[in-house]
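Trainee: My questions all concern the structure below.
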Amino acid sequence: MKALVEEIDKKTYNPDIYFTSLDPQARRYTSKKINKQGTISTSRPVKRINYSLADLEARLYTSRSEGDGNSISRQDDRNSKNSHSFEERYTQQEILQSDRRFMELNTENFSDLPNVPTLLSDLTGVPRDRIESTTKPISQTSDGLSALMGGSSFVKEHSKYGHGWVLKPETLREIQLSYKSTKLPKPKRKNTNRIVALKKVLSSKRNLHSFLDSALLNLMDKNVIYHNVYNKRYFKVLPLITTCSICGGYDSISSCVNCGNKICSVSCFKLHNETRCRNR
């Protein structure tokens with residue numbers, strides 16, 4: 001098994017240098033060439049690339065002062081040109097206003113908004129009084145918090161729960177209206193003649209029997225009220241049920257031979273013969 005661990009020599013060891021690979025086979029480049037005699041494979045060691053952190057840091061920080069023509073210095077010059085053009089395009093007040101607005105938008109709780117100037121002062125080194133005098137909070141800008149919350153306006157008030165941001169009443173009303181507009185409309189019930197007739201009966205203080213006996217209702221209104229009050233399913237099922245003429249039961253129904261009445265048991269049959277049979 002090949003050893004992938006390289007022994008460290010304390011005399012020549014540099015902790016700032018990292019190697020590309022510790023496997024000697026992985027550091028060799030193998031190529032195959034095909035000619036008339038056959039395939040010839042050649043291998044040569046790959047150049048070992050060392051990354052020294054100390055050299056990279058020194059090159060990074062000294063390239064600006066020396067002004068050499070390497071890639072790092074050109075990148076620094078390009079960045080410096082962009083920064084100069086950015087500073088020339090905007091004033092310091094506009095930059096502070098933009099930073100403050102970005103930090104306020106990044107704040108999760110509205111109660112932490114007064115602490116934004118202090119944090120911005122610690123980051124930029126500009127005094128807090130100067131930040132508060134030259135910039136405006138997000139609630140006072142035209143496209144600030146009101147635009148963020150969909151046009152809702154906030155007012156800082158003192159309530160029984162303490163200081164905080166409170167929505168104005170008209171804003172709450174706008175939110176309720178917008179919520180109602182998103183809800184599906186309720187389906188309207190059709191105003192049929194049956195409902196109108198029933199409402200007339202319920203709104204009147206007269207007795208039902210006196211109302212029906214009077215000549216105010218015609219035959220159509222009576223049919224409408226009856227069909228609305230009674231259960232239609234019950235009348236559809238009831239004629240299909242055969243009951244005993246004595247006890248009203250509906251199990252083991254049989255009929256009398258003489259008169260044809262329905263009987264369910266022997267006792268009902270005896271009682272029927274004694275009292276109700278017409279053809280005895």
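These residue numbers are counts, starting from 1, taken along the chain as shown.
Note: Cβ is positioned from N, Cα and C throughout, glycine not excepted.
Owing to the predicted nature of the structure, the values given are computational and were not obtained by experimental measurement.
The Zn(2+) 1 binding site annotation in Swiss-Prot covers C244, C247, C264, C268 and rests on sequence analysis. Taken from Swiss-Prot, the feature Zn(2+) 2 binding site applies to C256, C259, H272, C277, supported by sequence analysis. Per Swiss-Prot, the feature compositional bias 'Polar residues' maps to 64-73. What Swiss-Prot records for 74-92 is compositional bias 'Basic and acidic residues'. For 64-92, the entry in Swiss-Prot reads region 'Disordered'. According to Swiss-Prot, the feature zinc finger maps to 244-277, an assignment based on sequence analysis.
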Trainee: Calculate the distance in Å between the alpha carbons (Cα) of C256 (Zn(2+) 2 binding site) and C268 (Zn(2+) 1 binding site), and round it to a whole number.
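Mentor: Taking the Cα atoms only, C256 (Zn(2+) 2 binding site) lies 11 Å from C268 (Zn(2+) 1 binding site).
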Trainee: Drop a 10 Å sphere on every Cβ of the binding-site residues C244, C247, C256, C264, C277 and tell me which sphere holds the fewest other Cβ atoms.
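Mentor: Counting other Cβ atoms within 10 Å of each of the binding-site residues C244, C247, C256, C264, C277, the minimum falls on C247.
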Trainee: A 10 Å Cβ contact count, applied to the binding-site residues C259, C268: which residue has the minimum?
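Mentor: Lowest Cβ count within 10 Å among the binding-site residues (C259, C268) is C259.
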Trainee: When a 10 Å sphere is centred on the Cβ of H272 (Zn(2+) 2 binding site), how many other Cβ atoms does it contain?
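Mentor: Looking across every protein chain shown, the total is 20.
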Trainee: Closest of the binding-site residues to C244 (Zn(2+) 1 binding site), Cα to Cα, picking from C259, H272, C277?
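Mentor: Given the candidates C259, H272, C277, the nearest one is H272.
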Trainee: Taking the recorded Zn(2+) 1 site as C244, C247, C264, C268, identify the other residues of that chain whose CB atom sits within 8 Å of the mean position of the site's CB atoms, giving them in sequence order.
Mentor: T243, S245, I246, G248, G249, K262, I263, S265
Trainee: Compare the C-alpha of C247 (Zn(2+) 1 binding site) with the C-alpha of each of the binding-site residues C259, H272, C277, and give the closest one.
Mentor: H272
